[in-house]
Structure formats: structure tokens, C-alpha cells
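Novice: Residues or ranges marked as 5-amino-6-(D-ribitylamino)uracil binding site in TrEMBL: Trp31, Ser65, Phe66, Glu67, Val89, Val90, Ile91, Phe122. Under the heading (2S)-2-hydroxy-3-oxobutyl phosphate binding site, TrEMBL lists Glu94, Thr95, Arg136. Among the features that TrEMBL reports, active site, proton donor is placed at His97.
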Amino acid sequence: MASSLKNLSEYNSDNLIDITGKKIGLVVAEWNKAITDALAKGAYDTLIKHGAKSDNIIRNTVPGSFELSFGAQLLAQNPEIEAVICLGVVIKGETKHDDYICHAVAQGITQVSLKYNKPVIFGLVTTNNEEQAWDRAGGKHGNKGVEAAATAIHMLGISA
Ligand SMILES: Nc1c(NC[C@H](O)[C@H](O)[C@H](O)CO)[nH]c(=O)[nH]c1=O
Ligand SMILES: CC(=O)[C@@H](O)COP(=O)(O)O
């Protein structure tokens, strides 16, 4: 369903467990930093809302979204971390470079999730322009970071 038809910040809390005591990894790309910081705030606030302690949210940054897979692996290999949320913003340029990044990240974090048997969430905003990215980082379509955190909590409940 297109983001224009579903607000990314709206989710069913009935599916979500209390995550008090759980350690969650947050890996954030620095490319488009103002937008990725907005995604990270949405994710952080959602985790706190559902019981996470700030000391149990382990945040790392990587240069760009292509590095999210390795950043996720560094966190996922820590046995105390029970889920990892990956956040980045890839805005289409003149070439197909954005396609290669997005496909690599999708494949890479999937491999990390399966290798370490824990949820690794694909919180990548992939847009045609900066306006569309802001629309999904707290704008008219909600916040992809909120959606990613809610997904992580939902998956922790499923895999418990
Ligand atoms: N153009 C964007 C990038 N490009 C950088 C890559 O992610 C990567 O860091 C580089 O290719 C070196 O490996 N990254 C984003 O996150 N967003 C972009 O729009
Ligand atoms: C999506 C990107 O990596 C971007 O910076 C590349 O831009 P371009 O395709 O114009 O080189």
C-alpha cells in the first residue's frame, strides 16, 4: 500500500509487547542527516513509549545507507541485542546508483537477520526527491522511524 494511503506513524499497539529490559540496536546512516535524524527520533520515541530504557537503545551511525548492513551486523552479533533497526534515506540521483544501494541494503540486512536469528528492520526511505523523504520522516505520510520501531517490537513478540 502506498505511503500516501497509510500513515507510517499509525500502528496497532495491541500487537506490541512491553520491551522493558530489552536491548535494541539502532543503526542510522549519516547521508541526508537532518532527515535520518528525524527518522531516528521517531524510532527512539516509539521504543521508549513501549517500555525501552534509554540505556538499552544502542545507537551507531554509518556513513551511508550502503553501510547499514555492516552496521547492523556489528550490533546483531551482540547476543544481548534482541533486534536491530536500520534507518537511512536514499534519494534518486541522475544515475542508477540509488537502485544499487537500495537493493544491496535490502539483501544485506535480510542476510544479517537470518544469520543472527533476530529481527533486523528495513527502515530505508527511498524517494525521488527530498520533499518525498521529509513527507515520510514526520511529514504528511508519518514517520518511517516510528513504523520501523513498531515493526521491531511486533517481531520481538512473534519471535519470543
Ligand atoms: N546517495 C546516497 C548515498 N550514497 C552513499 C552510499 O550509501 C555509500 O555510503 C557510498 O556508496 C560508499 O559506500 N547514501 C545514502 O544513504 N543516501 C543517498 O541518497
Ligand atoms: C543515490 C546516490 O548515491 C546519489 O548520490 C547518486 O547520485 P547520482 O546518481 O546523480 O550520481
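Every residue number used here counts from 1 along the chain in the order it is shown.
Cβ coordinates are placed from backbone N, Cα and C, and glycine is handled just like the others.
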Novice: Considering Cα atoms only, can you say which of Phe66, Val89, Val90, His97, Phe122 is the nearest neighbour of Arg136 ((2S)-2-hydroxy-3-oxobutyl phosphate binding site) among these recorded positions?
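Specialist: It is Val89, whose Cα lies nearest.
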Novice: The residue listed as 'active site, proton donor' to Val90 (5-amino-6-(D-ribitylamino)uracil binding site): how many Å between their Cα atoms?
Specialist: 10
Novice: Count the Cβ atoms, other than its own, that fall within 10 Å of the Cβ of Ser65 (5-amino-6-(D-ribitylamino)uracil binding site), considering every protein chain shown.
Specialist: 27
Novice: List the Cα distance (Å, whole number) between Thr95 ((2S)-2-hydroxy-3-oxobutyl phosphate binding site) and Ser65 (5-amino-6-(D-ribitylamino)uracil binding site).
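Specialist: Here the two Cα atoms lie 17 Å apart.
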Novice: Which of the recorded positions Trp31, Phe66, Glu67, Glu94, Thr95, His97 have a Cβ less than 6 Å from any atom of ligand 2?
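Specialist: Once distances to ligand 2 are taken from each Cβ, Glu94, Thr95, His97 fall under 6 Å.
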Novice: The record names Glu94, Thr95, Arg136 as the residues that bind (2S)-2-hydroxy-3-oxobutyl phosphate; what is their largest Cα to Cα distance in Å?
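Specialist: The (2S)-2-hydroxy-3-oxobutyl phosphate-binding residues span at most 23 Å between Cα atoms.
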Novice: Would you pick out, from the binding-site residues Trp31, Phe122, the residue whose Cβ has the largest number of other Cβ atoms within 10 Å?
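Specialist: Top count of Cβ atoms within 10 Å goes to Phe122.
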Novice: Those binding-site residues, Trp31, Phe66, Ile91, Glu94, Phe122, Arg136: which ones have a Cβ sitting under 6 Å from ligand 1?
Specialist: Trp31, Phe66, Ile91
Novice: Give me the Cα-Cα distance between Trp31 (5-amino-6-(D-ribitylamino)uracil binding site) and Glu94 ((2S)-2-hydroxy-3-oxobutyl phosphate binding site), rounded to a whole Å.
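Specialist: A Cα-Cα distance of 17 Å.
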Novice: Identify, among the recorded positions His97, Arg136, the residue whose Cβ has the fewest other Cβ atoms within 10 Å in this structure.
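Specialist: Counting other Cβ atoms within 10 Å of each of the recorded positions His97, Arg136, the minimum falls on His97.
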